[in-house]
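Data first, discussion second: the structure below is written as structure tokens.
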């Protein structure tokens, strides 16, 4: 870049010398050019820095000789300081070169007047600034800066710092060089016409400097700008602080929520016993290198005459259908309590702690209505006589193309069930599995429910391990079941956020769902009427009416339900309607 700039400065000074000679020629009284010796007046020395003597003319004084000053080397640090000073928005314009030199000079790196003047001329040629200095003024008068293009100066400052954009700057300088050459050619042509055939001469263009390789490392200026842009403003910090305070308020539990949680908290302590990780007492003592097993619950191996211990544990354990002949190892709970174990009596749950106690004097939530049930075929029962319910739960016998120990319902029979009459506002819990998951969603929409949640039951075996050899599943063994949760209308008075949507429980008999689901539903809607469809004897629960064809007769206690049932079925027999 410096070689190109030097060439431009040399051309500009040659132009100034030629223009000065033309001005002096015009001021002569004769106003005519000496054609006998035109080279003495018009031929500038483009190739030499030494002054060229001119021959005397007959009608005027000798023109003064002009020499081209040697080009100063450009100081990168001085150029950077000058760019930074000129790009300052607080700089008052116009200002002269002397004031600029004093402003950017430091004791460690003083700036010279010639260097500042040269850089100002360079910036003016690059159209970064505008300077005011007449062609005929003396060199003693400093250059006056009248205008500064701050956007271009900022861009140039970044280019100098990063040493990027070298090609763009070189292109701009090359354009200035071409314009200077065009001006020089025009003046030379005019002088040749006045000299009646004077041979025109032009300087050879300077060679283009080779392009330097661009460096991709980020400069300190870019890093500082990026850090400033990444910093949050005061307004953003205040807004973030307010948002955090609002979030903390929203996440804080209210007094009502705390009261509800306390209402359903286990009294005294949880009435459960934890299983030992090592299974049997022998493995527990071996692992802990102790004389006695831990106080957790253990298992005992069942070793029969036909048992082959080398085969390992049975995959189905206590759910095995052929335990009388199965050769694999089975287990049972080792309920024997070591009375000599220290602290064993302290950890035995007392009967007093297991009693239900009311909280806050309000016993309405703790009041449970005795269980009720009706043995019937749900397809033919007029369920409208049972009234309205807050929660409906169903475990339908889906036709999943598998041999089951009970009868199944077809898809059309499931769709025709009169479920909508049981509720105006409330929740429906629908157990689905396999291909029935899509059919269950279809039935929810058909019955007027919107699916809002889905409970997952992760099945564990007797040893509290994940099931890997389930009896269901075609491509993969199923180790879980799904319970779709649908909502109808606008239910009020339900508790939100008390339980999660995952149940981890042991597998029992076929289609025997975990008892934890009843606790979840009771905490969701305490003290309300609930009904379960397709239930069995183990499903009867307080506050629930259970319907199914495997129950023991009819057991109704609600006076209103009893009256409507006797009116609809006087003989107590629920038979298939004649129109079906």
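Residue 1 is the first one shown; counting continues down the chain.
Glycine residues also receive a Cβ, built from the backbone N, Cα and C atoms like all the rest.
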Out of 395, 399, 411, 571, which one does Swiss-Prot list together with 377, 378, 513, 536, 537, 538, 539, 549, 550 for S-adenosyl-L-methionine?
395
From 105, 154, 219, name the one Swiss-Prot lists as phosphoserine.
219
Of the residue ranges 464-480, 481-497, which one carries the region 'Interaction with METTL14' annotation in Swiss-Prot?
464-480
Can you check how the pLDDT averages out over the region 'Interphase loop' (462-479)?
76
